[in-house]
Structure formats: structure tokens, C-alpha cells
């Protein structure tokens with residue numbers, strides 16, 4: 001049964017990494033999660049080799065995988081990237097020192113056949129090693145949960161995803177510890193790896209489900225760019241016929257628009273990638289029809305154009321604050337869900353694509369043209 005569970009988790013994780021490159025419509029990049037999945041494959045692959053090929057249950061249960069030391073740091077690196085504060089490689093290397101040390105010790109034990117030649121030394125050494133794994137997984141995962149307690153730290157879908165992965169990594173440790181204690185107390189010979197590897201299988205399953213949702217061709221609640229362009233004069237006039245029976249007077253339209261502008265500038269709801277017309281209307285204590293009417297008549301834009309232009313202005317401010325920042329990271333911070341949407345609206349507002357704008361900021365060239373094209377009235 002343990003062999004089957006390990007095999008299932010291994011194959012499932014391989015499938016996840018195989019499928020991801022095929023989902024070429026994916027809107028975001030998660031390199032550290034992909035690295036974590038790759039190391040889970042190495043982890044489970046080594047265990048399968050020990051159990052299925054060498055048929056050595058002793059090494060399977062005692063030779064703790066070195067890859068486990070990387071799971072917590074990689075999850076933390078992914079969080080830092082999503083909030084736009086990626087760590088430089090030197091800091092990342094410091095976080096990975098336990099992983100590198102564990103890899104060296106693991107390799108040494110295999111080459112010198114320490115488990116066979118000096119089993120007492122091996123047992124003593126790997127008792128400390130195993131405790132280090134517990135501290136690493138629980139420490140990093142608990143810290144991640146603490147960081148993610150703030151709803152605005154990362155987009156809601158990323159927040160849920162990272163919280164679930166952190167919880168599953170803690171469950172990997174706790175399930176093994178509980179099973180070991182219970183089986184020891186009751187006198188059963190039950191391998192604690194059984195539940196731990198089920199949890200690792202759930203990690204890969206959750207990643208697969210998350211990436212398939214992220215790679216949907218059209219982000220939730222947002223139409224294709226071609227559909228979400230500004231309404232034309234003709235469309236606005238047609239809408240005016242529809243809005244005749246809406247019950248809003250000219251004064252009420254003006255008042256609602258002023259309230260909306262103040263709310264957008266003060267609370268910045270556009271930073272939430274999932275913001276919808278219905279949700280904006282609810283926060284303004286209005287209706288979907290009234291908000292749509294006000295946007296068409298006062299801003300002469302539909303909802304998506306209105307919100308994404310605010311995101312462009314936010315993006316410009318972020319680029320000025322961090323001229324060397326990665327464009328995609330800054331875009332996610334500004335509330336964009338895809339690079340396509342970013343490029344479309346950024347070009348529409350500024351006359352430049354994001355890369356050109358960033359180069360102009362860094363090189364201090366063509367800034368006069370930029371300032372003529374971009375009015376930061378909403379900044």
C-alpha cells in the first residue's frame with residue numbers, strides 16, 4: 001500500500017509538471033512553485049527507488065530526503081515574488097543553506113554507505129537531520145500563514161493557494177508525527193510516510209487545479225480585450241435610450257460619479273484582480289445598471305476600461321518608485337491579471353508599451369513625450 005501511495009503521488013506530480021508548459025494561456029508565472037514540484041518528484045522518485053528497486057525498507061524509512069529542506073524557502077520565495085519584493089540570489093542562497101548542507105550529507109551517506117558501515121553513527125546523525133526537517137517545514141509554513149493573514153498582501157486566489165499549500169506542508173509533518181506516536185503506543189507497525197505522501201500528493205493536485213484555473217483563456221469576470229474597449233459615442237447614445245427609465249436624475253448621476261471617483265482614489269479597489277461591476281456597485285450601495293450608466297455617461301467608458309485605466313496609473317507610480325522592477329510583478333501589484341490586458345491598456349493610455357516606458361524612465365529619455373501623453377490626474 002505504501003508503495004502504491006508513493007507511486008501515485010510521484011506520477012501525479014510528474015503529470016502536473018508535464019501539463020503546465022502546455023497551458024500556454026497561463027496569465028502568471030510561478031517559478032518557485034514549479035521548482036517545488038520538481039523537487040517533490042525527486043523526493044518521491046528516490047523513495048520509489050529505495051522501496052521498489054532496492055526493496056530496502058530500512059533506508060526508505062530512515063534516509064530522510066534532502067529535498068524537504070527546500071519546500072519552505074521556495075514557498076516563501078514565491079510569496080515575495082507575488083508581492084513584488086523578490087529576494088536577490090544572495091539572500092535566497094542563505095535560505096537554501098540547510099538544503100545544500102542536507103544534500104551534501106545525503107550524498108556523503110550514499111557514497112560511503114554509512115547506513116550499512118556505521119549504522120549507529122548514521123542513526124544518531126539522521127535523528128538531528130530529521131528534526132531539522134520538522135523545524136524547516138513547520139517554521140516556514142507557519143510564517144507564510146502569518147504573512148498571508150493580511151487580505152491585501154496578494155490577490156485573493158494566490159492567497160488561498162499559498163495558504164492551502166502551507167497548510168498541506170504542515171500536515172505532512174504533523175500526520176507523520178501523529179501516526180508514529182499512535183502506532184508506537186498501540187504497538188502497530190505502521191509507517192508514518194503513508195499519510196505524509198498522501199499530503200504531498202494533495203500538494204501536487206492543488207497545484208494542478210490552481211494552474212488550470214489560472215490558465216483559463218479569459219480571466220474570471222473579465223471579457224476579452226477586444227470586447228472591453230471603450231464604448232463609442234454611438235454606443236453611449238444608445239445606452240442613453242436604455243437609461244431613460246433608470247430613475248437617475250442628472251444630479252444623481254453627477255453625485256454617484258463623484259462618489260465613485262473618491263472611492264476609487266481613496267480605497268483603490270482596482271488593486272483587486274477579481275473586482276467586478278457587481279462588487280463595485282455593492283460597495284457604492286448602488287446597482288449594476290446605475291453604475292454602468294454613470295460610467296458610460298460621465299466617464300464615457302465601460303467598467304473594464306475605467307478600472308484598467310486606474311491600474312495603468314497605479315502601474316506608472318510603481319514603475320517610478322521601482323524603475324528596475326519586473327514589469328509582470330508590478331502589473332500584478334497594480335491589479336492586472338494578464339500581460340495582454342496590461343499591454344493593451346498601457347499603450348492606450350500612455351502611447352507606450354510598459355517596456356518602452358520603463359526604459360524611458362531608466363534612461364531619462366523621451367520623458368517630455370511621456371508627460372505629454374500621460375496625465376496623472378488620478379494618481
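The backbone N, Cα and C atoms fix where each Cβ goes, glycine too.
TrEMBL: automatically predicted annotations, no manual curation.
These come from TrEMBL:
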DOMAIN    254-360  domain 'HTH araC/xylS-type'
TRANSMEM  6-23  transmembrane segment
TRANSMEM  35-54  transmembrane segment
TRANSMEM  60-79  transmembrane segment
TRANSMEM  91-114  transmembrane segment
TRANSMEM  126-149  transmembrane segment
TRANSMEM  161-179  transmembrane segment
TRANSMEM  194-212  transmembrane segment
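Listed stretches 35-54, 126-149, 161-179, 194-212 were compared with the transmembrane segment (60-79); the greatest number of C-beta pairs under 8 angstroms is found for 126-149. By the Cβ criterion (distance under 8 Å, sequence gap of 6 or more), the transmembrane segment (35-54) is not counted as touching the transmembrane segment (161-179), fewer than 3 such pairs being found. Predicted-model confidence for the domain 'HTH araC/xylS-type' (254-360) is 89, expressed as mean pLDDT. Per-class residue totals from DSSP over the domain 'HTH araC/xylS-type' (254-360), listed helix then strand then coil: 82 helix, 0 strand, 25 coil.
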